[in-house]
Structure formats: structure tokens, C-alpha cells
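Shown next, in C-alpha cells, is the structure this report addresses.
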Amino acid sequence: MPAVRKSLSSALIWASIFTWIIVVGRLVVHRQDAYATFDFDLGIHDQSLWLLAHGKWFNTVCGLPVFGHHAMFMYYFLVPFVWLGGGPNLWNMFQVIALACAAYPVFLIARHRLKSEFSALAFGIAWLLLPTTAYLAWETFHPETMALPFLLMGYHYATSRPEGIGKHITRHNVVTIAWIAVAMLWKEDIALAVMGLGILLMFRKRLRFGAMLFGGAVLYFLIIGVWFVPHLAGDYSAYGALYGNLGTTPTEVVKTSLRHPSMFVDRLYQNNAVAYGGRITSPLAFLSLLAPLTLLMGLPQYFINILTTADFTWAMMYHYQAIPNVAAIAAAIEGAAFLQRRSRSLARLGVLAVVVCAYIAANSWGLLPFGAKYNTGYWPHGTRDTSGWEAAHDRIGPTDVVSAHYAFVPHAAQREIIYTFPNPWIKTNFLNDDSKFVSPSEVKWLVIKDGTLGQAPQDLLNQLIAQGEYGEAQTVAGITTYKRLKP
């Protein structure tokens, strides 16, 4: 009978995973096909992959070297898919699959810690129900999101005891390190979560292995996150001015916070750090709070998010929440285990509360078909007229230099030089100085969505047309392309 229950629960979690992939994958692909995705960040990542596939390094969408943006070394794994014709829809589907498959290590962790097939299935389904899981898919491809199933598998192996002794333990530890290494190679920030995992293991009397993980993660982050990425970026970074007077890099933020703790506390108060923590843990019935050591995995990213001056870093719909959500669900499982050591009935109620709260959250502010936000514009339902975008795409050449509307960039980013208009004339969301722009005279095409430009970009466009630099306008369904006329 236990074997039957085990097989049934495994079948049910995989059925749930495949269903989620089909439902959410269709929505994400339709969003891309409807020209409803953006330059930041899908256009950045698509161009970065194309650049690596062709031995080039400078990303013109964001204005940084590929690895000066982030250390996304696992992109080399995706490079062969670029050679085979892969593009944004493929990267987005890879991410949907990664998010869905992350439910399986959650299932394994819960099965191991709670010794219950029902509880394991409940937590696996709760992961798929969490609103942020669907929002991460909606936001389109990001490297830290791709890292989640690898990080969770690393956590599972790290926190489960291998059977046997000697070579069995060694093999188990090697597998653990392999999962964690792959996770960190997706993005340097993952090392911060691994530091928390190392501390957790040390408190669980796996002192040597925990110290090794912690030390390795610290070394990796110092070399890659603190030195390598900023070195390539120069005086600029993806963090830019997000932290206001606390600094322009995580290192500066740490130094300022230590020297002036009142500034640190004021920022937490201004951004309502307690409410942010509540938004992370409430869909899991606050069980995560019963396992503070496990929450250490997400604590660095929590502070990285909440200390900015930009509210989108603590909004639950963006990739900044990937690591905090992993820490939260792992901690919720540990919280249920804490309850189970005291009362089996209380633990069952806790697990049931997780499923109920995850469903309520998915229903009240989620993007799944039964969620309140499903029909509010996040997903572009129905048929959209994309003929204007397609006509523009047909007109420009595969190697032409383009400056375009942000929604067009993810569809044309596989080239060496593409900008979001009004770059390179007026620097906008370009994370470098003007010297990194090519001469505006090299921009052969402008792709503009009529009626969407602000005053300064519109004045610039009018001036370029009046001076005869651009003309031969072609307008289809509100999308106008202009060709450069003067050399």
C-alpha cells in the first residue's frame, strides 16, 4: 500500500506539472506573439544569447557587456539553441518548464521532511499555485528563475541524509554540489542563497559540508559578483541608482548601512519591510516564519530588494522575488516539520492551511485562469492585430542597425546593434555613457508605434524627418518604419 501511495502521489505531481506547463506556456507564447513583451528584460537576454553565439560581447539594449550585466554563464548551454534558430519563445518555454519542474524538488523535500505523500503533494501543488510562480513566467525569461529547480534540488540533497557510509556519502555530496554549482552559474546572486544554505547545514551539525558550501559561495560571490561583473561594467552597473543615497552597488550599500545604520533602518521603514515579508509568507500560511534558519537563504535578496528606492523590486510580480519565494517554501516545509514534531494533527492542519492560503492568493491576485488578474490586461487574450509589427520586421534586414519601440525589440534583438528609441540620440535606460553608442548615422531604421512617444522623443523624431535624415515612411496598423536617407 505505501508503494501504491508513493506512485500515485508522484503521478499526480507530474500531472500537475504538465498541466501547468501547457496552460501557462500557451499564455506566455501568446504574449510574445502579440508583441506584448518588452526590451527590458526579454530583449536584453535574447540579444545576449545571440551575441555569445556569435562571439560578441556588448549588449546595446542595456548598454553593458553581456557579463557586465550579470554573470549568466549557463547561457553558454543555450548558445547551441541559438545556432539552431531558437529565440524568445524558446527561452520563455524553457523558463515555464523550469518553474513548473521546480514543484518536483519541493515535492521531494516535503516527502523527506514530513514522511507523508499527501503533504508532499500539497506543497508541490502549492508551489504551482503561488501567484509569484505564474508572475515569473509572465515576466518572461530571466536567469535566476531558470536557476530555481537546480537550487531546490541542491537544497533537497543537502538537507537529506545519504544512505550508507563512505563512498555513498561522497557521491551524495558530489551530486549536491553539482546541483548547486549549476544554480550559481545561472546568476551570481544565487551564491547568496547558497551562503544561507551553508549556515543552515552548520546549525544542523553538518559543520564540515556546510562550511564548505558557505565558503565556496562566499568565494564565488566575491570573485564573480563583487569583482568580475563590476570590472566588466566599469563605472556602471545594472543596479545603477536603485539604492539612492545608500550607494550604487551592493558593496556600497553594505558599507553605508554599517557606517550609518539609521539610513538602513529608515529605508526599511519607508518601504514597509514588514509588509513585504508578509506578502512573501502569507500565501504559505506564514509557516515559513517557524523556520528562520531556512529563511536565511532568502534574506540577502530580501534586503537587496527592499532597500531600493524603486518599488518594483519588492513587487511580487517580478524576478526579484525568485529567491525569496524558494526560501519561503523551503522554510514552510521546515515549519510544517516543526509542527509535526509536536503534534501530527497540528502539522496536518498546517499543510492544509498552506494549500488553502496558496489557492486564496492565486484566486485573489494571481494570473492563473481562475485568478482575479487573469483578465485585467497582463495576458493579451484574443486576437491582436500584429500586421504593423510584422510589416516592420519584414522591411528591415537581419543585420541592419535599428532603433525601435520597446515592444519591437524582443522580436529583432538577434543582431549586433539594436536600440530602444530614442537611443542613441537621447540616452534612455541605457546603463552606460554616450561613448558606447554607435554614431546615430549608422542607424538605418526607426520603428515607431504612433502616438506613444513622449514630448522629447516626438520632437526628436519630427526633427530627424524635417532634416531629411529619415523618410520613406511606411505605416501599417499604427506602426511606422522610417528608413535612413542621408549617410
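Keep in mind that glycine also has a Cβ here, set from the backbone N, Cα and C atoms.
According to TrEMBL, the feature transmembrane segment maps to 12-29, 57-78, 90-108, 120-138, 177-202, 209-230, 284-304, 346-368.
Across the candidate stretches 12-29, 90-108, 284-304, 346-368, the maximum count of CB pairs under 8 A to the transmembrane segment (177-202) is reached by 284-304. When the stretches 57-78, 90-108, 209-230, 284-304 are ranked by Cβ pairs under 8 Å to the transmembrane segment (12-29), first place goes to 90-108. 209-230 is the stretch from 90-108, 120-138, 209-230, 346-368 with the greatest number of Cβ pairs below 8 Å to the transmembrane segment (57-78). Long-range neighbours of the transmembrane segment (284-304) within the same chain, counting only residues 6 or more positions beyond its ends whose Cβ lies under 8 Å from a Cβ of the stretch, are 126, 130, 155, 189, 192-197, 199-200, 203, 250, 276-277, 313, 320, 323-339, 350, 353-354, 356-358.
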